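Working notes for the structure below.
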């Protein structure tokens, strides 16, 4: 069996992972701590995610996909702040040190680490039930980041990309709503679950434009917008007919009501939901599209709660994955 | 049942934990990321530890002790760098949100957080097998920290405090070497296991004196000194008779050979092992004792390997807990 030290040296201490981004640590893997410099004029943004096998991902999935997805969804929290990814640490608990699994897992990590430019600087490997904890460290310009608490009445509410694809894939797996999709559609939904692309560059553009309020969509846009509304002490008017659906989702869920439900409450999208004053709309569209589709889905209201443009109240506790509920 | 949000608000978002130290975050728990400022002239030192129930601590232990010990042993990595504790994040995976357990766990965390001055800034709570991942963030003066790689031939080798107590307690639990101790001795050993005191202030004094090389003793002084020797590409001469034993350890393990074995290879001490050129010896003793007992246990050699002062080679692979061995 591999010792912890061999395991770290063989799988994690390689340049493709430890120097995957432009922000090299001053001292990386191998000492009691990693040491990093935060440049003048920048602040540090950090977020930690824990993913438990068969709670947050299927334990039997290919290790490349588990590694890719774990880091991608954690980096999505940096995107939600408009932070530039810099460093990450990995707490990996494994039932056994299986070389084939580890090598696949590291490949998946490396693929997304290089894509977003984030370097592995440390962590811990232990024996136990498969659990992955990742902490990501990003850099923001001092006092210049996106937060859940800065939505203002009159702001437009926007989302990037399309919603509901990952949830539809899970629903297909669990023999729920989605039945007999074509292979092509299935693959499109599958890749949205396993290979989400955190909106890192887009969020930094939003900060540069003067946007202040965003969240990433992990629990469904209704629940995540709900966090913005609670923390900003405002409400929202939502145009449900405007929710953006991919071609694949439209084909596998032709019923508009069922599709709307999945898009509102499904989760695992890792798109951004952000708000901005209407005078920024033109600039936002110009700067983000066509590479990143964006859709205006409603407006921030003074009055709390969420109502649809048809005047119907939308229950905010309806969706969203509650880990301890 | 409590939702994740209720749980965070009720147990983790309280000032005693979220403002336990002098370095308040600019943005703490509740957004997508925490945001912190690293002052000019300082660098960030980070370390992550994962503790799995019944691998790294007894799952049935009092939750106060589990919380205290988990954070104390992770902060010990900051001590090993000479870093000042500032912020920590917590990834807590729990089979269920038991209010009594959580409240005890938070009390234990809070006790040590306030003692070392470290504030909780974020994390993640998930459902699954009891696993605790902590990441600690400390501040060092730029280019001025302790590392495993700076031991030099001729350096004295020092340890703080006494060795082997925590391991003797575990050995008693497992009905190993230690039999029928007095209650008083048992309590002394027990508290060394559950309530280690990371040598945070002592390490910062060592940095101020010009010391450059340290590690904290988690796997036994022989294994941890071994990491220093490997990374510094040197060897060591050890005076085994000088290893510092507490009164309790001397009483429960009167056999000198068995005691030596436990002190060398037992682990869980969370004392510092550090090296320093001999001309610093007087200053080190003056600055650290009597509040922190320190003992010179040997000297760094040019030649690799560890030998005792009686000329006997000491096998370095003998001790040390290898998580995947």
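Backbone N, Cα and C atoms are what each Cβ position is placed from, and that goes for glycine too.
Heads up, TrEMBL stuff is auto-annotated, nobody curated it.
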Among A:156, A:165, A:216, the candidate listed by TrEMBL alongside A:32, A:77 for Mg(2+) 3 is A:216
Rounded Cα distance in angstrom between residue A:77 (Mg(2+) 4 binding site) and residue A:219 (Mg(2+) 5 binding site) is 13
Other C-beta atoms within 10 angstroms of the C-beta of residue A:148 (ATP binding site) total 22
Residue A:123 (ATP binding site) sits from residue A:268 (substrate binding site) (Cα to Cα, rounded, in Å) at a distance of 25
Here the Cα-Cα span from residue A:49 (Mg(2+) 1 binding site) to residue A:148 (ATP binding site), rounded to a whole number of angstrom, reaches 18
Cα-Cα, residue A:216 (Mg(2+) 3 binding site) versus residue A:123 (ATP binding site), nearest Å, comes out at 25
Residue A:56 (substrate binding site) and residue A:47 (Mg(2+) 4 binding site), compared by Cα position, are separated in whole Å by 17
Of the binding-site residues A:32, A:47, A:124, the one whose Cα sits nearest to the Cα of residue A:218 (ATP binding site) is A:47
Same chain, |i - j| six or more, Cβ under 8 Å of residue A:124 (Mg(2+) 1 binding site); the result in sequence order is A:90, A:91, A:92
